[in-house]
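Copied over from Swiss-Prot, here are the features:
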type    : residues                   : note
DOMAIN  : 20-166                     : domain 'CENP-V/GFA'
BINDING : Cys27, Cys29, Cys95, Cys98 : Zn(2+) 1 binding site
BINDING : Cys48, Cys50, Cys53        : Zn(2+) 2 binding site
Amino acid sequence: MAPSLHPLIDNGITPGSGSFAGGKLRCHCASDRVEVTLNSNVAHNHACGCSKCWKPSGSLFSIVGVVPRDAVSVTANASKLSVVDKEATIQRYGCKDCGVHLFGRIEKDHPFRGLDFVHVELSDEKGWQEPQFAGFVSSIIEQGSHPKEMDEVRAKFKALGLQTYDVLSPALMDLISTFTAQASGIRFANL
């Protein structure tokens, strides 16, 4: 039996609310918790198997979505935040004490610049967009999952109604490719 995909989806997916307007994320510290306020629901929420995203203990995947950068503000204990990996494209801000990643920001020229990556499981509020797909699924092998477990992992996602990809969803890959094409001088009509 495959280990936990993620606690938010192991027992099924709870639908979000289209009218949900955001909430607060908090780190796992017992006191003086870092608090980040999101003034928006997430988009492109998904299970991510990459090696960079923060995952709950025992989980193979993170659950991560994006919000506009201007919808994110640190509202308590900002001094406890630091960038986890300064070389990474996504500058993930984690709590120095408990290690939880509160948000990830892209500072350089990139198709996702202007969007911050967040983990809605860090919120007590309900209504966040439910996961839409699973990305970077094969990447869990690089983190120690046995290749023979992959069929079972993909079957669990399929049973949840989530398409699996070994990169991102087609819509996000199209966004990346459009950005790259435009950066190289290609122009498209009606964009």
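Including glycine, each Cβ sits where the backbone N, Cα and C put it.
Note that the structure is a prediction, hence the values are computed from the model and not measured.
Overlay of Swiss-Prot feature records on the structure.
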residue : record                : CB count, 10 Å
Cys27   : Zn(2+) 1 binding site : 23
Cys29   : Zn(2+) 1 binding site : 16
Cys48   : Zn(2+) 2 binding site : 26
Cys50   : Zn(2+) 2 binding site : 17
Cys53   : Zn(2+) 2 binding site : 21
Cys95   : Zn(2+) 1 binding site : 22
Cys98   : Zn(2+) 1 binding site : 13
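Summarised by DSSP class, the composition of the domain 'CENP-V/GFA' (20-166) is 27 helix, 50 strand, 70 coil. Spatially, by CA atoms, the binding-site residues Cys48, Cys50, Cys53 include one closest to Cys29 (Zn(2+) 1 binding site), and that is Cys53.
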